[in-house]
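As given in Swiss-Prot:
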ACT_SITE  His162  active site, proton acceptor
ACT_SITE  Ser164  active site, nucleophile
BINDING   Ser126  Ca(2+) 1 binding site
BINDING   Arg167, Ser172  Ca(2+) 2 binding site
BINDING   Asp204  Ca(2+) 3 binding site
SIGNAL    1-20  signal peptide
TOPO_DOM  21-52  topological domain 'Periplasmic'
TOPO_DOM  66-84  topological domain 'Extracellular'
TOPO_DOM  100-105  topological domain 'Periplasmic'
TOPO_DOM  119-128  topological domain 'Extracellular'
TOPO_DOM  165-173  topological domain 'Extracellular'
TOPO_DOM  199-216  topological domain 'Extracellular'
TOPO_DOM  235-241  topological domain 'Extracellular'
TOPO_DOM  251-255  topological domain 'Periplasmic'
TOPO_DOM  266-274  topological domain 'Extracellular'
TRANSMEM  53-65  transmembrane segment
TRANSMEM  85-99  transmembrane segment
TRANSMEM  106-118  transmembrane segment
TRANSMEM  129-148  transmembrane segment
TRANSMEM  151-164  transmembrane segment
TRANSMEM  174-186  transmembrane segment
TRANSMEM  189-198  transmembrane segment
TRANSMEM  217-223  transmembrane segment
TRANSMEM  226-234  transmembrane segment
TRANSMEM  242-250  transmembrane segment
TRANSMEM  256-265  transmembrane segment
TRANSMEM  275-286  transmembrane segment
Amino acid sequence: MRTLQGWLLPVFMLPMAVYAQEATVKEVHDAPAVRGSIIANMLQEHDNPFTLYPYDTNYLIYTQTSDLNKEAIASYDWAENARKDEVKFQLSLAFPLWRGILGPNSVLGASYTQKSWWQLSNSEESSPFRETNYEPQLFLGFATDYRFAGWTLRDVEMGYNHDSNGRSDPTSRSWNRLYTRLMAENGNWLVEVKPWYVVGNTDDNPDITKYMGYYQLKIGYHLGDAVLSAKGQYNWNTGYGGAELGLSYPITKHVRLYTQVYSGYGESLIDYNFNQTRVGVGVMLNDLF
């Protein structure tokens, strides 16, 4: 653990170091949004003060899983009748609280991401929601153009993340994290790394880092109009983790056809220690680019 803390300290200090490189930072707040940059997008001024911005991807897909974690939801009176096919959707939005808090390329922001697994076809049990994860964040972000070895560092973000399924015992799952998010691009490639440090009480899931690790890695590739994506988390000490692959293609100006495959542990909080493979297809409103 001391080794991990020693590694994380410089990571969490990196945002301030990058911000200090004033010579490499351009004023992007009044320029066209940088492709794939969450922070540059949030720095765009709009006439409507209530404008919300996409944070993570927003999608709705119909899915089928290889196995269902009925043991974790045994306290639900419909658990034995739970189905393997579900509608999975994610809503993820951000709002700039204070643009320019530490210079023209900085923003104090908040985001909210909700991911749900809905037993839509289970009409005999009134189509219940098997699991919903609620993930609010408060963060400080910087839009940069720091270049290294052909890559351009676009987003530097550090903040506080709360992730919970909003349930009471015995199905309550939650954890709190301090995190840093770094996003860089190189041509059609996008790479994002998000290390975190768990804080507070994890009594509901004391071994969650065993399966979820201490970071998330995300990779995107723009292939013509299509976007290929991969993201995952892994604990090198335990050998547990999970990965998600995605492919999207535009079908209208604002809607994309989306296919997703998730395999491993941690697809949801209730399944953080459960191994499965889920395949889904549906629509998406925004991808990584």
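Placement of Cβ uses the backbone N, Cα and C atoms for every residue, glycine included.
Annotated features taken from Swiss-Prot, shown on the structure.
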| residue | record | contacts (Cβ under 8 Å, 6+ apart) |
| --- | --- | --- |
| Ser126 | Ca(2+) 1 binding site | none |
| His162 | active site, proton acceptor | Tyr134, Glu135, Pro136, Gln137, Ser174, Asn176 |
| Ser164 | active site, nucleophile | Asn133, Tyr134, Glu135, Ser172, Arg173, Ser174, Leu269 |
| Arg167 | Ca(2+) 2 binding site | Arg173 |
| Asp204 | Ca(2+) 3 binding site | Asp169, Ser172, Arg173, Ser174 |
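Long-range Cβ contacts of the topological domain 'Extracellular' (199-216) within its own chain (Cβ-Cβ under 8 Å, at least 6 residues beyond either end) map to 4, 8, 169, 172-178, 193, 231-236, 238, 240-242, 265-266, 269, 272-273. Its Cβ placed at the centre, Ser172 (Ca(2+) 2 binding site) has 15 other Cβ atoms within 10 Å. Secondary structure at Ser126 (Ca(2+) 1 binding site), as computed by DSSP, is coil. Tertiary proximity for the transmembrane segment (151-164) is limited to same-chain residues at least six positions away from its ends with a CB under 8 Å from its CB atoms, namely 12, 14-15, 18-19, 34, 36-40, 133-145, 172-186, 191-192, 196, 269. Counted as Cβ pairs under 8 Å, contacts with the transmembrane segment (217-223) are highest for 189-198 among 85-99, 174-186, 189-198, 256-265. In the three-state DSSP reading, Arg167 (Ca(2+) 2 binding site) counts as coil.
Long-range contacts of the transmembrane segment (53-65) within the same chain, counting only residues at least 6 positions beyond its ends with a Cβ under 8 Å from a Cβ of the stretch, are 38, 41-42, 84-96, 111-113, 137, 246, 258-260, 276-288. Remote same-chain partners of the topological domain 'Extracellular' (266-274), defined as residues 6 or more beyond its termini with a Cβ less than 8 Å from a stretch Cβ, comprise 67, 69, 72-73, 115, 117, 130-131, 133, 163-165, 171, 173-174, 205, 207-208, 210-212, 233, 241-242, 244.
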